[in-house]
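Novice: Take a look at the following structure, please.
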Protein chains: 2
Amino acid sequence: MSQSQAEVELLDRNDPLGPKREAFRIPEGLIYLDGNSLGVLPRAVPARLERVIQQEWGTDLIRSWNLHGWMELPLKVGAKIARLIGAQPDEVVAADSTSINVFKTLLAALRLRPERRVIVSDIDNFPTDLYIAQGVNALLNGKYELRWVHKEGLEAAIDDSVAVVMLTEVDYRSGYRYDMRRITELTHQHGALSLWDLAHSAGAFPVDLNDCGVDFAVGCGYKYLNGGPGAPAFVFVARRHQAAAFPFLSGWMGHQAPFAFLPEYVAAEDIRRLTVGTPSVLGMSALDTALEVFDQVDMAVLREKSLRLTDLFIEQMEPLCSAYGFQLMTPRAHERRGSQVAYAHPEGYAIMQALIASGVIGDFRAPNILRFGFTPLYLRYAEVLEAVRRLEDVMRNQKWQEPRFQVREKVT
Amino acid sequence: MSQSQAEVELLDRNDPLGPKREAFRIPEGLIYLDGNSLGVLPRAVPARLERVIQQEWGTDLIRSWNLHGWMELPLKVGAKIARLIGAQPDEVVAADSTSINVFKTLLAALRLRPERRVIVSDIDNFPTDLYIAQGVNALLNGKYELRWVHKEGLEAAIDDSVAVVMLTEVDYRSGYRYDMRRITELTHQHGALSLWDLAHSAGAFPVDLNDCGVDFAVGCGYKYLNGGPGAPAFVFVARRHQAAAFPFLSGWMGHQAPFAFLPEYVAAEDIRRLTVGTPSVLGMSALDTALEVFDQVDMAVLREKSLRLTDLFIEQMEPLCSAYGFQLMTPRAHERRGSQVAYAHPEGYAIMQALIASGVIGDFRAPNILRFGFTPLYLRYAEVLEAVRRLEDVMRNQKWQEPRFQVREKVT
């Protein structure tokens with residue numbers, strides 16, 4: 001191996017983010033390369049939830065909406081996320097699921113381009129984004145062309161007939177990262193609006209929504225933001241669009257005066273109009289505390305570590321690619337890479353099961369992708385080396401051929 | 001007072017649901033008449049959440065989707081709710097918020113009556129239901145007449161032009177309970193579909209959705225089901241409509257094969273098609289455990305106690321109505337009453353604040369309603385007497401006139 005154990009240990013010792021690992025509860029002996037699917041538990045979260053359950057729900061009960069700020073949680077959490085994605089605090093709110101937030105923002109964006117009839121996306125976008133667009137189109141009598149294209153054809157697909165370009169910044173399988181600035185500029189040159197899904201971006205590296213001129217964005221709370229399984233998602237609407245972003249999912253929490261209980265819906269003036277029903281207080285509270293881990297984190301430093309981790313992994317994997325036929329799916333160019341690395345392999349499913357059994361957790365994505373996520377807040381360089389060593393062991397000793405690793409279960 | 005302390009204590013001693021109180025953590029000294037806004041904490045919930053947080057999220061991480069059945073939670077919780085509302089286990093799923101579930105079911109129902117152009121509801125329906133219908137109508141180019149009527153005009157409003165009659169079974173302010181069977185039959189006689197919101201019904205008394213022939217229903221997890229603040233809501237679709245209930249909110253969790261990651265949406269054959277994004281595991285788990293309290297509860301016995309509690313409260317309040325001008329808003333007829341009692345009073349806001357300060361929690365609903373919810377699983381008859389005694393004290397000593405009780409806060 002080209003980088004020795006000693007060199008890697010030096011990297012860990014000098015890692016400015018090294019102490020952050022202590023903020024997480026990493027299971028003993030586990031190498032967790034799946035923070036892009038479910039982030040690990042921040043140590044401060046259980047105490048917060050204990051307080052929410054026992055004191056706020058258990059003792060103060062209904063009074064907690066005011067007493068403990070339950071009402072303000074969606075905006076408070078949104079403001080914390082805003083800092084990580086280059087938005088103003090009043091441009092982001094935590095709410096519902098990513099899928100539902102795609103629905104809200106896509107509808108709002110289409111309404112701002114009423115004369116246009118094309119929605120552009122990447123055919124390899126995370127399926128739920130495409131499914132939601134299909135649902136939206138069915139709702140609007142199929143009047144839209146859903147122009148799903150491969151990455152190499154994306155720019156050519158954006159023309160003056162396009163209403164919205166909706167993309168996930170980082171491809172959930174390959175880890176390919178779009179040039180958000182370039183695509184957003186191109187989108188605007190053609191008079192269309194941009195909708196970015198930050199599922200694999202928020203908390204993984206600095207995002208500059210406003211600097212790139214993005215119109216709408218959504219993202220996930222349970223991946224790099226570590227908010228826990230099924231954590232609330234978030235939604236961004238640029239200030240300039242907020243007054244015109246009509247909330248078709250017009251629930252009482254988005255009303256100008258929810259507690260006036262008026263029969264007529266009047267949307268809140270601000271980003272609150274993107275909220276719908278009563279928020280999950282447990283989920284919001286966990287995410288609120290999880291986000292504290294990012295306090296004082298310089299996102300540029302985080303990105304630097306992320307690239308070093310993925311560089312190291314790619315480098316260490318080279319001999320395995322030659323020996324066992326792994327095919328790198330992730331761009332080598334830093335600017336085109338998220339915080340994950342993917343390999344194609346025809347036996348990918350069984351190999352991943354065997355690797356998991358050896359204590360290295362990554363995940364598998366159909367049809368043949370082994371996916372490894374690298375969360376700079378808690379991963380060590382030494383773990384990258386050890387993960388590859390264990391994968392090498394799985395391959396050399398053909399452990400993946402054990403029958404138990406061939407049985408497919410649903411995986412997330 | 002017509003019913004003595006001793007008589008009431010006898011009622012408590014002979015209460016078949018009396019032992020159920022032990023399943024809840026009732027704050028010491030508090031009389032909680034607000035379970036229709038937020039149910040109290042079931043004692044088994046903190047241990048379940050501790051396990052979900054530490055073991056499932058903290059240790060087993062992403063593997064918990066299979067290992068701890070996270071994937072199945074929405075259906076498992078739905079099946080438990082089904083028993084309480086007269087539905088089959090495969091007709092109910094826990095998902096999202098009540099508002100979002102109204103959106104899904106209203107759209108699905110309208111699509112089943114494409115030639116009709118009227119939605120009927122009660123102008124005093126909980127506002128979010130009306131707001132969602134407004135949003136749906138805006139989305140469909142305003143082609144629907146939103147026929148919002150007062151209760152006395154409801155039956156006359158249902159004619160052959162109506163697509164959907166959407167009502168909340170129990171009025172959130174007055175506690176008036178609709179005749180679900182009669183209204184559903186009338187709805188069907190006119191060829192329309194019924195959509196019932198069970199926010200103040202599920203867990204409060206037996207509901208017989210299938211026996212009444214109901215088409216669609218939604219409901220809330222955090223009121224009488226005690227699932228915790230912002231708990232997941234639920235949605236019911238009668239089997240006969242499931243194949244045709246198109247999920248316009250077409251997210252990946254409702255796909256026939258979510259983990260095949262296909263670009264084309266194909267709705268699940270079953271009730272799962274009403275789910276959208278990744279569910280809140282914390283919220284689902286809390287609700288799942290909270291529902292265990294209903295094991296072996298005979299809902300007819302629950303209803304009997306509910307009526308006795310509200311009868312007792314109404315009876316005890318009579319002298320206060322005469323002396324201080326409270327006006328009963330809730331029907332005296334049992335079959336027209338939910339599990340709450342409401343009074344109008346011009347100083348309702350301040351009176352409720354003073355009552356809360358005295359340790360009796362009810363809530364206030366604009367413009368002038370004092371609302372008291374009676375949860376038969378944990379309330380004692382003696383508490384009803386004591387609550388009225390304290391309200392009498394608030395009134396006799398004009399405690400509500402203290403300036404601190406006049407300042408309006410947002411209340412839920």
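Keep in mind that glycine also has a Cβ here, set from the backbone N, Cα and C atoms.
Okay, these came from TrEMBL:
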| type | residues | note |
| --- | --- | --- |
| BINDING | B:T98, B:S99, B:F126, B:P127, B:T128, B:D129, B:T168, B:D197, B:H200, B:Y222, B:W252, B:T278 | pyridoxal 5'-phosphate binding site |
| MOD_RES | B:K223 | N6-(pyridoxal phosphate)lysine |
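What's the neighbourhood like for each of these?
Specialist: Taken residue by residue with DSSP, B:H200 (pyridoxal 5'-phosphate binding site) is part of neither helix nor strand, so it is coil. Note on B:H200 (pyridoxal 5'-phosphate binding site): other Cβ atoms within 10 Å of its Cβ, all shown chains, come to 26.
Under a cutoff of 8 A between CB atoms, and with a sequence separation of 6+ in the same chain, the neighbours of B:K223 (N6-(pyridoxal phosphate)lysine) are B:G35, B:N36, B:S37, B:L38, B:G39, B:A199, B:H200, B:A202, B:G203, B:A204, B:G373. B:K223 (N6-(pyridoxal phosphate)lysine) falls outside any helix or strand according to DSSP and counts as coil.
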Novice: Report, in sequence order, every one of the recorded positions (B:T98, B:T128, B:T168, B:H200, B:K223, B:W252) having a CB within less than 8 angstroms of a CB belonging to chain A; if no such residue exists, report 'none'.
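Specialist: Listed in sequence order, the recorded positions near chain A are B:T98, B:T128, B:W252.
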Novice: Hey, does DSSP put B:T168 (pyridoxal 5'-phosphate binding site) in a helix, a strand, or just coil?
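Specialist: The three-state answer is strand.
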Novice: Name the secondary structure element type, per DSSP in three states, that contains B:T128 (pyridoxal 5'-phosphate binding site).
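Specialist: Looking at the DSSP assignment, B:T128 (pyridoxal 5'-phosphate binding site) belongs to a helix.
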